[in-house]
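Structure first, commentary second.
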Amino acid sequence: MDRPVHYSAGAVSLRQLVPEAHWLNAADLTINEATAVSGECRPGTVFAVIRGTQRDGAEFIAEALSRGAGGLLTERAFPEFACPQCLVPNVRAAFARVCAALAGHPSRRLRVVGVTGTNGKTTVTWMLRSIFRQAGFPTGVLGTVEYHDGVHGTPAALTTPDARTLATWLGRMVAVGTTHAAIELSSHALHQDRAAGTELQAAIITNITQDHFDYHGSFDEYRRCKARIAELLAPQGLLILNRDDPGSWSVRELMAPTVPWTAFSLSGAAEVCGQVLEESLEGGRFRLTVKGQSAECRLRVIGRHNVANALAAAAAADHLGVPLAAIVGGLEQFRGAPGRLERIETGQPFELFVDYAHTDDALRRCLQGLRSVAAGRLICVFGAGGNRDRGKRPLLGRAAALADIPIVTSDNPRHEDPLQIIDEILAGLKALNREAVVEPDRAAAIRTAIDLAQPGDCILVAGKGHEREQMIGDVRVPFDDRSVARALLSDRQRPSSDPEARPPWIR
């Protein structure tokens, strides 16, 4: 299904939904649908005039009205149009609230946990789904990998969908009998008020490190956007922070004193804490303590960062009344999210993992996790996205220096020169007097890693994770790191220990 059916609460008064509004050409408007896409307009629809990063919704008012839109929801008056105009101070937030109302305020009929943070959002939401299901609660998930109402799902287009789609999917969850939901909230979505009509019983901030500075401009602004998740808390909601992450922990400075919060930590200095007992390629064991109650838990995913993710999920589940035994059972049943340290096995004598890590913090944590359990060398294939935050590129290079053999390649170059991106990544490695293998062709880079690997080594292919396309210019080229790795492993021309295997060139 390309677009979920919109569940409407029926004809409603727009004035009642946005009482703060001023009106032009009318005193009210009866609507049964809202959209920011002019092509979706029909009689009974209000068209939200939103100024985007590429186009301005004002350009499409005439089309919206020609298709039957009954009026406009807007921050700006358009006297050249005689239609009813509902004037609001923040059209994005008003639109989200209207969408939620038209869907019957579904978040009020669900137990919703929102998760934001630079890294870990997908893993935490999938852990929560496993925990809630273990406790007997039908659960939906909205995030980077998929939108799932608890019965049916579809691949995700955005980490957090637009306001109308978000309200619609939450409405679907209610309609199919789902009781709980775990949703990812990106910094873009929080800045753009896509979830302004959603109420959260718990809000998690996993960590805050550098990302999306091309959009937000600075770390402080990025952190402020992440902190806005607290604005979505329901009256009995709880904010959950990472005591071990300076960015997440510092959000307390931005909170009103009335916002209730708790924290999780691997150091023991929090209500929810964990003590790592064992690490291996199969996962690990840790002792989970929640408000003084402890239990041993075995995870089937690698890395201390995943123990931290488990603590975040445990804190939210505990707040929603899930017993400790069900929390542990759900975490032990969790087998990982697609493209998150996903193990690729075809009988090869070395390990190969695919991960979505595309920030320096995520890459560093993945490599540290693998280093703690790998018997041999670490080989890391990675790149950086084009037309995105350039400041991350040398930082990714520095993080990749944790590998024994860094291999720099392309990762969605978009409209930039892949070699220019690679040069900016290499600057971080060179600052540490490290060399790297350079292969702009991503498939060839993965092949090089496989050719270089010896028994006991560990390969990390980072950056794309679950993604199934490579964005080159305006073209989306089919490319799945997992499928490519499996095919190359199955089609190896030489033994992995071949001493003649050499990279194509070194810079």
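Every residue gets a Cβ built from N, Cα and C, even glycine.
Remember, TrEMBL labels are computer predictions, not curated facts.
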Annotated companion of D411, N412, P413, R414, G463, E467 at the meso-2,6-diaminopimelate site, TrEMBL, chosen from R388, R390, R434, R492: R388
Statement: Residues in the domain 'Mur ligase C-terminal' (339-465) per DSSP class, helix first, strand next, coil last, are 45 helix, 24 strand, 58 coil
- prompt: How far apart, in angstrom, are the most distant Cα atoms among the meso-2,6-diaminopimelate-binding residues R388, D411, N412, P413, R414, G463, E467?
  reply: 17
- prompt: Out of these recorded positions, K226, R388, R414, which one has the fewest other C-beta atoms within 10 Å of its own C-beta?
  reply: R414
- prompt: Just checking, which of G120, P413 (binding-site residues) has the fewest C-beta atoms within 10 Å of its C-beta?
  reply: P413
Field: Nearest recorded site to D411 (meso-2,6-diaminopimelate binding site) by CA-CA distance, among binding-site residues G117, N119, K121
entry: N119
- request: For the recorded ATP site, enumerate neighbouring residues of the same chain (Cβ within 8 Å of the Cβ centroid of G117, T118, N119, G120, K121, T122, T123, site residues themselves excluded), in sequence order.
  value: V115, V124, E184, T206, N207, N309, A362
